[in-house]
């Protein structure tokens, strides 16, 4: 199993932490295991509570059903069903910016 380094950032919330995330673990689950509090609700990829934005790197969020193609093209992801596919940097708490 491959483990990636995922950097979670948000200047407004003073978040800048890098955590190890196994390829078969969602980024949200890994953050919870590290006692990092991130917003979430459904945990099934069908709402916008845990929306984040990929700054760098690649994730697999093929299980999500909420975001449209345009939003995904802009880098938006839902953390509850996002699995890292490379080392990456992710901006958290992005629900207010989802248009």
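All residue numbers here begin at 1 and follow the chain in the order shown.
Including glycine, each Cβ sits where the backbone N, Cα and C put it.
Taken from Swiss-Prot as is:
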- 4-96: domain '2Fe-2S ferredoxin-type' (DOMAIN)
- 42, 47, 50, 80: [2Fe-2S] cluster binding site (BINDING)
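Distribution of Swiss-Prot features across the structure.
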residue: 42; record: [2Fe-2S] cluster binding site; CB count, 10 Å: 15
residue: 47; record: [2Fe-2S] cluster binding site; CB count, 10 Å: 17
residue: 50; record: [2Fe-2S] cluster binding site; CB count, 10 Å: 27
residue: 80; record: [2Fe-2S] cluster binding site; CB count, 10 Å: 25
Cβ within 8 Å of the mean position of the Cβ atoms of 42, 47, 50, 80: remaining residues of the chain near [2Fe-2S] cluster: 28, 40, 41, 43, 44, 45, 46, 48, 49, 66, 78, 79, 81
Assigned element (helix, strand, coil) containing residue 80 ([2Fe-2S] cluster binding site), judged by DSSP: helix
